[in-house]
Amino acid sequence: MHKEAEMLIGPQLDEKRWGWRLGDGSAAPPFLPQALSFLLLLPLASALQPTPLPFQELRLVGGPSRCRGRLEVMHGGSWGSVCDDDWDVVDANVVCRQLGCGLALPVPRPLAFGQGRGPILLDNVECRGQEAALSECGSRGWGVHNCFHYEDVAVLCDEFLPTQPPTRKMLTSRAPPTTLPNGKSEGSVRLVGGANLCQGRVEILHSGLWGTVCDDDWGLPDAAVVCRQLGCGAAMAATTNAFFGYGTGHILLDNVHCEGGEPRLAACQSLGWGVHNCGHHEDAGALCAGLGPPTLTALPSSATREDWAWQTDPSATGVGPQPSRETALLTTAAWAAGKKSGRLRLVGGPGPCRGRVEVLHAGGWGTVCDDDWDFADARVACREAGCGPALGATGLGHFGYGRGPVLLDNVGCAGTEARLSDCFHLGWGQHNCGHHEDAGALCAGPEELGLQVQQDGSETTRVPTPRPRDGHLRLVNGAHRCEGRVELYLGQRWGTVCDDAWDLRAAGVLCRQLGCGQALAAPGEAHFGPGRGPILLDNVKCRGEESALLLCSHIRWDAHNCDHSEDASVLCQPS
């Protein structure tokens, strides 16, 4: 993972910390939800040229253990502190690894371990993440800084020691599993965050602690082992990108590779306990058939939150491909807008296609609770409102608190329903919510895609689009229009796509979407030069048959751990 040597202004995601920090205190434009506040400008400022400095010693002081405290380094026979300009969890991970203290954790602010004394020796430390020692990272140079001791860096390590060496290995043991006091044994698994015990985020027990599994290389054979270990029948889907929400605690397994016949997940190959390069935004999940009546509708072999959800409907017995009538989402194909039902509206936003979701029932309007509210639900709401495809799902009363009853809760749509009320929910008026949890939707609107809708909302026709609209894609800096850096237009700005998980399948979807034939290559690392502006997508994972890039799995809109040195590109073979 490379980090730019420039200072970023605007919201930025610290790698593996999964939280925003606002560099200039700016607020998001009023027409965008909080989840898209990262679309503020991210101009690149004062170019630093990081230079590694030779030093060997560092320590953490003022904390409860040698693995937690204020960071100090030695230079010229004296200890000094490090300024927190540009400091993030990538740098902290290098320190923790060098000290043999595991992985870095978020540090409470401010001044968790007090202010230092003496010189401030380093500023603008820039690590790439793979360094064995902090001395291999760049900085401004010894004693060059613009800081005070209230900016001293503190580091908090989890003191978790992974299995060494970090190479792919078997986790099997000839010894029988050790049973713990709670009845669970080493290597036990569970599924968390789903609708029942047979679907959810995969968690595994190691040394008495539950932890998650990273989705690198995660697939249906791996999910099959989990389902069988739990007695949950066959695997219906293997999910990625924290489909069932972010876990907490340790990430215990990465690059899991099961043949499918193993009796336990711990018997599959992996990098070893605790060895990974992931964040909880990459938590793996599984959906199993279970022992009761089937509860899933139209699930592919690898489900994505954008395309799929589940219903507790005993009549849903089939498993098959997603209906394709509305998969042409953006850019090259017109959207077939559904007829407005008159029973759903979006209010509180900048227009009729962005706002708080309200539904009509028994002659009165009410709101929808954000429990389980996600992109698939927003897709149905946008369709029912006659507003084209969804761009995002919001919660926590983002578009203001509603009035009147909360009419729907725990909505679970597959994404293909004509009306929100057709989706699974707890029942009219059944909820445990307040209006601070009102759900919302951000829709492109027919006008955003260059479409013209008849007044009854039932038909659409393609019309020219003189300027880019939200969701449009382009390839930049190539020799022709079918090769270049991938850029997406959203929130009145063009932004890039990170190359994490970017592969030929994703490139194939994009080439096909742009009418550019087959994909020849999917280079990363800013092959066509680094872009500017926000990084809009990360961890894009396509199955290959999707008709639009945004139908592929990806991390939520407001999250990435990349910089523009990792911009994704494609080379297509025009047909």
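Start at 1 and count along the chain as shown; that gives each residue its number.
Even glycines carry a Cβ here, placed using N, Cα and C.
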Quiz item: When you check Swiss-Prot, which of CYS147, CYS157, CYS278 turns out to share a disulphide bond with CYS214?
Solution: CYS278
Quiz prompt | Disulphide bridge to CYS572 as given by Swiss-Prot, partner from CYS443, CYS498, CYS511, CYS542 | solution = CYS511
Self-check item: Greatest C-beta neighbour count within 10 angstroms, which of the disulfide-bonded residues CYS83, CYS214, CYS278
Solution: CYS214
Practice problem: May I ask which residues of the same chain, at least 6 positions away in sequence, place their Cβ under 8 angstroms from the Cβ of CYS443 (disulfide bond)? | Solution: LEU346, CYS353, ARG354, ALA378, ALA381, CYS382, ALA385, CYS387, GLY388, PRO389, ALA390, LEU391
Practice problem: Work out how many Å separate CYS423 (disulfide bond) and CYS157 (disulfide bond) at their Cα atoms, rounded off. | Solution: 44
Quiz item: Judged by the number of other CB atoms within 10 angstroms, which among CYS127, CYS147, CYS258, CYS268, CYS288 is the least packed of the disulfide-bonded residues?
Solution: CYS147
Quiz prompt | C-alpha spacing of CYS552 (disulfide bond) relative to CYS433 (disulfide bond), in angstrom | solution = 31
Quiz item: What is the average pLDDT across the domain 'SRCR 4' (473-573)?
Solution: 84
Quiz item: In which DSSP state, out of helix, strand and coil, do we find CYS137 (disulfide bond)?
Solution: coil
